[in-house]
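Marked as repeat 'PPR' by TrEMBL: 80-114, 182-212, 213-247, 248-278, 345-379.
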């Protein structure tokens, strides 16, 4: 009789209003603990159905009880396939996408077989991880277990390959399962081809989609925008049946990235007047447009929108605002945004260091770098461009050389053209022309003509005709059709009253019919013609 009474009590708890209500909704952590305690004290912790319901409630993304789900799952002696699938799904949204893969391996070792609900979220985790071998292996497992034609598996596999840019595998999978693919597969192909610059293929699939969704429209708009084809992006934007914030953001970003910043801000204003709430990406693009225009008023307006609408100051948004204020010359506001940021990364520090360097606060830029070191952040190539630029502008020769050595020897960063340019500028400004020439000649890579041009300019400023002649001839050899190179050498000869050499350069210029370098002013063109 006691056993019968116990079973009746368990049955009563299974249908307990509190238990059912809590597990059916999105329970809070405290509610889940209460229900879990109820399950344990009633002896229902051995009932697979009840435990599965509790685990599923813990694993709901909106509940935020992933920690409780981990603890509950760890206490299970023999999890069922449903329980494994529930945890794999929950962990696929965790900050560590490798966890679902590890759990899947444990599932196989326990002797259980996966089913059609195992692979979609497992493949999604592989997509986030970006390990092609691992993702391909998981997909092969789906084939092995006869689940390769399941629409959810197919959709996620096509999306995974598309995310990696492996469009041949994505396309092959799409073609092999043409009878089961749906709008998700079509969208994955359109997005993949668009993201990796194959707009012709993306457009082909987009135009043949049985059903277009906002994601496919936005993928095409973003693809054209990133490729600088803003007119085509705008054409699609205007044809779009229903726009969302991503559509507006893509257009604004496209205008900003292609240098059409005034148009980017104009679209942003229209977006605001139509009461479409911008997201972080929109605000980042708008602030970036202000930075390119060096328009402080517009930049302050964008920043004001952020503060008045209590937009969360993310690392990306804060960094672009720091960069904007730095480029607009408002270093005090850049510092305030930087100090108020709840979280900073190396790019945030780089923006602040560069802003200080370009606004006459070179020493402060170097001090900020040492603070960055104390915070345990490792600098990157951009950090050292800012530091070397600061040293160049303030004539800090020793410090500049130390930073260059630190970059290569301590951090193993391979110098870029910009680093070499800063060093040449640093030595050239200080009149150390011979040292600058030696530095360029010792470079492990072929010096860019721009470096020789900077050297030639330094030679002219400091009146070093001998080295200037050597550098000038090197420049003409590298760029025989660049009229400005002849002008520079001729001017040096003229300043030294070496008229015969000046006439020789003029003759050489006429013989080679050197073309004006694109982007040079008409004044320089006339100067080249008059030599």
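Our numbering is plain: 1 for the first residue shown, then up by one each step along the chain.
Keep in mind that glycine also has a Cβ here, set from the backbone N, Cα and C atoms.
Because TrEMBL annotations are produced automatically, they should be read as predictions rather than curated entries.
Residues of the same chain lying 6 or more positions beyond the ends of the repeat 'PPR' (80-114) and with a Cβ under 8 Å from any Cβ of it are 48, 51-52, 55-56, 58-61, 66, 69-70, 73, 121-122, 124-126, 128-129, 134, 138, 141-142, 145, 147.
Long-range neighbours of the repeat 'PPR' (248-278) within the same chain, counting only residues 6 or more positions beyond its ends whose Cβ lies under 8 Å from a Cβ of the stretch, are 218, 221-222, 224-226, 228, 230, 233-234, 237, 285-286, 288-290, 292-293, 298, 302, 305, 309. Broken down with DSSP, the repeat 'PPR' (213-247) shows 26 helix, 0 strand, 9 coil. Counting residue by residue with DSSP, the repeat 'PPR' (345-379) contains 26 helix, 0 strand, 9 coil.
Computed over the repeat 'PPR' (80-114), the whole-number mean pLDDT of the model equals 89.
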